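First the structure, in the form of structure tokens, and then the observations on it.
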């Protein structure tokens, strides 16, 4: 046995089990230290990572939940539903405090426009709408398309809205003028998800054609085309540092891609059915996913291991989000329920 291995084993023997538990108790949420130098310690990290527990259920929607987002304060949540409404919830109160009505069909997605007290939404009624949060009134219908608006996203710099349709096209909107400034024929099949990078310079699209693509916001040019999934790609999200993209698919897998090299870095197996959504935690070391297998899973990226499975609910989770401080998870379900885990 070489000195390096002997030294590693000696270190492990010196650290009591109790001490390891204390060190690692909050690892999943806040610790950014990587313990990859010892494989055995990686397994201990996973074993003693602090668990999320169900702390609240929110009831009020009358049909399936389609999207959920934390507001920046982490104390409120915005949701959309097949019941044609958008709701804002106070987590502590456990009830909706705003209800936005006006869409004529399913609302697929709703997002807060930061610092403007506005909400943007996309719907099966083929419209994108802007709403005033305070008055709960519709401000404007940006456009009525010929196809359903499957997804929208607002850039963090508050300059743009990007939308995607069931026909494979992507649209870029100027938020100030409320005008469409660019349209891209992005994929031959519907675009399930469209997302700005944190720096607002790039967009990633996820499509039913089994691929995802990276786009330059200013030029509208495709920069990278990521291939590997064996089914529709339902969601794609940037890492907090905009270096990586995580995606999930009907092929039951989650994959992480390196933007600069166009290479697949990780593939996560474990879900037994379609993976509906995936998100990075703020620390960039953990991801969370939800699936039609009725589970929510937390994963350690380095080891590709599941750190916790949140289950017990009889319906499938449709979408998830992580609070800005990484302490809380929100999940929306097909059976109209929204769950808060902390």
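Using N, Cα and C of the backbone, Cβ positions are placed for all residues, glycine too.
Automatic prediction, not curation, is the source of TrEMBL annotations.
The repeat 'WD' annotation in TrEMBL covers 58-99, 100-141, 142-183, 184-225, 226-267, 268-309, 310-342.
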Spatial neighbours of the repeat 'WD' (184-225) far in sequence, C-beta under 8 Å, 6+ residues away:
150-157, 159-160, 162-172, 231-238, 240-242, 245, 247, 249, 257, 259, 262
As a test: from 142-183, 268-309, 310-342, pick the stretch that has the greatest number of Cβ pairs under 8 Å with the repeat 'WD' (58-99).
310-342
